[in-house]
Each structure stands twice: as C-alpha cells, then as structure tokens.
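Undergrad: Questions regarding the structure given below will be posed in turn.
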Amino acid sequence: MRYITAGESHGPQLTTIIEGVPAGLSLVADDINEELARRQKGYGRGRRMQIETDQVQILSGVRHGETLGSPIALVVENRDFAHWTKIMGAEPLTEQEEKEMKRKVTKPRPGHADLNGAIKYGHRDMRNVLERSSARETTVRVAAGAVAKKVLAELGIKVAGHVIEIGGVQAKEITYSSIEELKSITEASPVRCLDDEAGNQMMKAIDDAKANGDSIGGIVEVIVEGMPIGVGSYVHYDRKLDAKLAAAIMSINAFKGVEIGIGFEAAHRPGSEVHDEILWNEEHGYTRRTNNAGGLEGGMTTGMPIVVRGVMKPIPTLYKPLQSVDIDTKEPFTASIERSDSCAVPAASVVAEAVVAWELATALIEQFGLDRMELIRENIEKHNEYARGF
C-alpha cells in the first residue's frame, strides 16, 4: 500500500489517495470520522479545533461499504478556508490585491520549516512553506491510518496509543488487562494518559505553559497486539520493519526521537538483562519471557506486542515569540505568530497510532497477499499454524 496527501492548512481541502488497499475490506465514512474526531481532541488544543469539524468524503474505491481494490480517494474540507479564500486562492491576484494582502510572512519562526523551505523553493512569502508544513496535514494521514486500522482489525490485530510524558511530568507504569481496557482509560482522559494523577499534573503543566505564552512537548507510546511472527525482513536494510516504524514516527510533525521496546535504556543494562528469553508451549508455540525488544528483532516481528515510543518537541509557534530576522529587511524581529496549540501531545498519540498502523498493514499485505482480504486472512492463519509447530 502507499498513499500521497495534498492540501494546505488554510486551503479548501485536504486530500489523500490510497493505493493497494485489498478488495473486500469493510469500510464506511464513520470508521474514518471516528479517528478524525479523536485527533481533534486533547487538552491544550488551540482555537482552530473549534472551527474545524473534520468529516471525510470517500470519493472512490469503496462501494456499498466495501473496498474494491482500486485507489481510494479521501477528502476533508477545511471550513476555515472561508476566511482565507483570497489569500489562499489558486488564481493570480491583481497588483492592488497583492498590496492589500496582509498575511505575507517574511519573518521565519524558529523551530519551523519556514526559512529552510523558503530558501529551498525560493519563496519570498513564507506562507507558501508554512501552509504545507503545518501539522494540519496529519488530518489526512490519520484518515489513511484509519483505513490501515480497519485492515488490522479484520485480521485480529489491535492498536492503541497513549501519553506517557508531558512537560516533564511522567506517568507511572499502569498495568492493564487488555488493549480494550487501555483504550477505555485513555479515551476518558483529556491528555490520553493511563495515570490519573499524572494526567492532572500534565494538564496543570499545559495551563502554566499557556499562561506564560509558551508550549510543551512530551512522549507518546503505541502498542500493537496480534502481529504474526516473522513479518518484516532481515535480508535488506530497507525492508526491516523496525526501520520503517522509526521512519514513520519521525515523519510526524515536531517529532525528534523514537525508541522501540526499552530503547535507549538498553545502553544502561548488560545483555543478560536486555535480550528476551525464548519459551515454547503447545497452545501458543513460541513466546518470550520478557518483551524488552518491543516485539521486533532483526527487523522482524517476534509475535510479542509491538511497543514504539516517540518524542514530540514543544510546538515552535509561541505567543511569546523568539527572535528572528526579516528576510526582506534583514532586521532582527520577533517571529510571526500563527494560531496554534500550547500542547498537541495527546493528539499526536492518535497520529502515531495511524502511522504505525499504516506500516504494519502494509507489511502484512506485502507478505501475505495483495488483492483481497479473504486471501490475506487465510494466509495468516496458515502461517500462524506453521509457526506454532515449527
């Protein structure tokens, strides 16, 4: 599977075209809208989320609630475009209209793509950069991820994300009996955190940052249960599943780090306390005593839950902006302010779920069949039976 997205933050709509989704997948707009609504929630979101009520239109590739195997086109309207029709319109402006246009951006914001993108593409108005580099684009990435989640769900694979740190407030490790329980707890939390006490402290940290005109980041974790053993490859570097997952997490706006399993903690432990001992029983076949590897070894799944974490930096759009330089006058200035969140970590956990789900669904389809869900399901069942008795 693959997809491409198009659209600007304040343009008329966001679009994604998805290719390679097998035929026979049950899919309706509400499957996607549910994920879009989850992305819009979360303590610390800005005023933009009060304007947009994201709803998807499925334009192709689905008929009567079932995928056809042909490309799927999804569109999400930007309601805020009504206030930006002249500024973000596709048609040329008159000389007078250009003079009257007030939202030209010549002051790059530290931490954003503004300056680098303007230099790369030769844009004197950096709105041409910030409109596309905006995290608003993750709307349709979540839409694509919702399709991937449906693929996984029909194959018995469950995905959940949650927040484990915001602004230096760390959640305690909370035990849960199932992915369903994890989901029910996090969906009820304004910051998508399992630890209620830490969640309250996180909200206070967000409030404090907002009051100071600042922003804060954090860490999200995605857990996936039900993946078969041996998905991915050790044969070539670019087929390693852990490498693909790491790239997917790092592709999310403002993410600056990723780890799988115990991650960087492995540097502090001896090998005897890192590697997961292998067990076998007649009912389940091969399993592990621990899961320090986070469900991945040698670029392939081990059959244990996949555990991936990502670090999100504080959003660089601040209400007490940092110093910058005007690209026209070269004079020092405080950076332009765009409407923004004070913390988007809870929403980012939903985006992280989406990109992880996409990579796993893609890997399964490549390995177990391309054309129809029935074939993929049968092949996975045969593979699991083979692996248990290996």
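Cβ coordinates are placed from backbone N, Cα and C, and glycine is handled just like the others.
Residues or ranges marked as NADP(+) binding site by Swiss-Prot: ARG39, ARG45. According to Swiss-Prot, the feature region 'Disordered' maps to 95-117. The annotation FMN binding site is assigned in Swiss-Prot to ARG132, SER133, SER134, ASN253, ALA254, GLY298, LYS313, PRO314, ILE315, PRO316, THR317, ARG339 on the grounds of sequence analysis.
Tell me about the surroundings of these features in the structure.
TA: Under DSSP, ARG39 (NADP(+) binding site) is assigned to a helix (H, G or I) in the three-state scheme. Applying an 8 A CB threshold to same-chain residues 6+ apart, the list for ARG39 (NADP(+) binding site) reads ASP54, THR138, THR139, VAL142, ALA347, VAL350, VAL351.
Within the chain carrying the region 'Disordered' (95-117), a Cβ under 8 angstroms from the stretch's Cβ atoms is held by residues 86-87, 123-130, 133, 313, 316-317, 321-329, 333-336, 338, all 6 or more beyond its ends.
If you draw a 10 Å sphere around the CB of LYS313 (FMN binding site), it holds 15 other CB atoms from the protein chains shown.
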Undergrad: Can you tell me whether DSSP puts LYS313 (FMN binding site) in helix, strand or coil?
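TA: Where LYS313 (FMN binding site) sits, the three-state DSSP reduction gives coil.
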Undergrad: Could you round the CA separation between ALA254 (FMN binding site) and ARG45 (NADP(+) binding site) to a whole angstrom and send it over?
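TA: Checking the Cα atoms of ALA254 (FMN binding site) and ARG45 (NADP(+) binding site) gives a distance of 15 Å.
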Undergrad: Can you give me the Cα-Cα distance between SER134 (FMN binding site) and ARG45 (NADP(+) binding site) in Å, rounded to a whole number?
TA: 14
Undergrad: Which of the binding-site residues ARG132, LYS313, THR317 has its Cα nearest to the Cα of ARG45 (NADP(+) binding site)?
TA: THR317
Undergrad: If you draw a 10 Å sphere around the Cβ of ILE315 (FMN binding site), how many other Cβ atoms fall inside it, taking every protein chain shown into account?
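TA: Other Cβ atoms found within 10 Å: 25.
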Undergrad: Among all the protein chains here, how many other CB atoms are within 10 A of the CB of ALA254 (FMN binding site)?
TA: 19
